[in-house]
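Here's what Swiss-Prot has on this protein:
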DOMAIN    5-134  domain 'RNase III'
BINDING   E47, D120, E123  Mg(2+) binding site
ACT_SITE  D51  active site
ACT_SITE  E123  active site
DOMAIN    160-229  domain 'DRBM'
Amino acid sequence: MNQLEQKLEQDFGIVFSQKDLLETAFTHTSYANEHRLLNISHNERLEFLGDAALQLVISVYLYNRYPNKPEGEMSKMRSTIVREESLAGFTKACGFEQYIRLGKGEEKSGGRERATILGDLWEAFLGALYLDQGLPAVEKFLNQVMIPQVEKGNFDRVIDYKTALQERLQVNGKVDITYTVIDESGPAHAKEFTMQVAVDGKELSTGFGKSKKLAEQAAAKSALEQLGN
């Protein structure tokens, strides 16, 4: 964690006084499960707290920034900003993914690149930052990293990857596109779904998500990337 601490101080001016919070934020359940005898804490509870802090900061920002936008539009913007893929992108942009502690199995299966894990890490980090330094520190950090992207208009439009994939594949005629859940993991309150998208019965790609809808979108996005779109 020393390298992570140095990075946080150098890049963002953040110095944690409670080092254990930072370590917990970067510990995935798979790592904790593989080291049960050490009684290591994982980041799910911090993720819960960080999600609330993130929602509040973004909500206040949108309320103040767009005084004429109706509630419905602001809700859509917020949903786009805090969606799993967006948070995963910010995690990678900050270089946080290299510091997360994963179990061996999760590491081998590509967990370090999985949007669900990276999005959860982002929220857990915010939760740890909130407990260590309060909401102003969370707001300051988000103003450094997330808000500039909102100001650039990068979240004005929600991309429907399923529709985009359908339009891409049906250019030359109708095809049968199906989405199938091929795996479910995690406790009941924190399920992760693995979705397979197939075209005319042939597997095209897979995706992961905390809900079936999110997993479908992830699978469709992955398929578009494979098709070079």
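Along the chain as shown, the residues are counted starting at 1.
The backbone N, Cα and C atoms fix where each Cβ goes, and this holds for glycine too.
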Secondary structure composition of the domain 'DRBM' (160-229) [DSSP: H/G/I, E/B, coil]: 27 helix, 25 strand, 18 coil
For the domain 'RNase III' (5-134), mean pLDDT (0 to 100): 93
Near-site residues: Mg(2+), ref E47, D120, E123, CB cutoff 8 A to centroid: N43, E44, L46, F48, G50, D51, G119, L121, W122, A124, G127
Cβ-based isolation winner (fewest other Cβ atoms within 10 Å) among the binding-site residues E47, D120, E123: E47
Other CB atoms within 10 A, centred on D51 (active site): 19
DSSP three-state assignment for D120 (Mg(2+) binding site): helix
Between D120 (Mg(2+) binding site) and D51 (active site): CA-CA distance (Å): 9
